[in-house]
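A.B. asks: Pasting a structure below so you can have a look.
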Amino acid sequence: MDCENGTDIVEFVLLGFSAQPKEQPLLFLIFLLMYGAGLLGNIMMIILISLDARLQTPMYFLLRSLSVVDVGFLSVTVPQMLAHIISSSKTIPFYCCMAQFFFFCVFGVTDLLIVSVMALDRYVAICNPLHYTTVMNQKVCGHLVAGCWIVSTLHSMLHASLLLRLSYRGDNHLFHYFCDHQPLLQLSCSDTSVNEALIFFEGSVVLLGPCVLIFLTYVRIVVAVMKLSSGRRKAFSTCGSHLTMVTLFYGAIIAAYFLPTSSYSSHRGAVFAVVYTVITPMSNPYIYSLRNKDVKEALWGLLGKRVFFQQ
């Protein structure tokens, strides 16, 4: 790119996945269905947990918090992607791009942290059931969720402010469907060593720290479950599905961010981004909540009431 003679960039062009016109309708349909399924599942969980008295427990408080975050996480990137797929204009103003990056980080990091708090909640419930009501009550969960939001906001402000100090001139084409970290660093004319160092060191603490906590927690849960005389199959099924989602989420994030900018591949980055920005938040309510007996009963109870009143 021509950084010496180029003018300052005032907007970016998001190139998305494919420039082939024949592929655009299929891409639009796939992501529209995924976005709709994600909104439906998460909003349904928020409504059910808010209305049903049986679901007023710390575990469901955390699940509702996760659904709130997932609605935001999906909505910060997917609607714009859908608009760009069907539109000839694929531009986004510079400061809108930075704002999108900021909110993407806020929702993404909050999602990671709340999942780690949920793992801690399950650990206390299974390994220390007698102390569960004192250790994990609504007040404690409220403080933990508030802490997740504070940490993610500070993390996002730090990285967004460091991106804003960089210079962008000449080429304004981002080979991505939203304003992500690595494509923006790759496009910059400035030295990005500080940004990359921060991703590895501060990012490792904020992102990989909860990952280690989750896996250690589930190891302790598995050990505790092995000592049970009954209910092992159900417990392993639940833990297995949860660990699958965590592995998908963290695996995609590590592959996308914890590699040097010089070795970054835009195509690979966009594919991994779909996993953690679309597939995971879409799947969370179905994996964590809608397989649960209490949630199913609450859902059928709510649907039954609607049918009764309509009659």
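Cβ atoms here come from the backbone N, Cα and C positions, even for glycine.
TrEMBL does not curate its annotations; it predicts them automatically.
Feature annotation from TrEMBL assigns domain 'G-protein coupled receptors family 1 profile' to 41-288. The annotation transmembrane segment is assigned in TrEMBL to 26-49, 61-86, 92-120, 140-164, 197-223, 235-258, 270-288.
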A.B. asks: Quick test of the contact rule: Cβ under 8 Å, at least six residues beyond the ends. What residues does that give for the transmembrane segment (92-120)?
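C.D. replies: Distant contacts of the transmembrane segment (92-120): 9-12, 14, 59, 62-63, 65-66, 69-70, 72-73, 76-77, 80, 136, 141, 144-145, 147-149, 151-153, 155-157, 159-160, 163-164, 168, 178-181, 184, 206-207, 210-211, 213-214, 217-218, 242, 246, 249-250, 253, 276-277, 280-281, 288.
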A.B. asks: Summarise the model confidence on the domain 'G-protein coupled receptors family 1 profile' (41-288) as a single mean pLDDT, whole number.
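C.D. replies: Taking every residue in the domain 'G-protein coupled receptors family 1 profile' (41-288) and averaging pLDDT yields 86.
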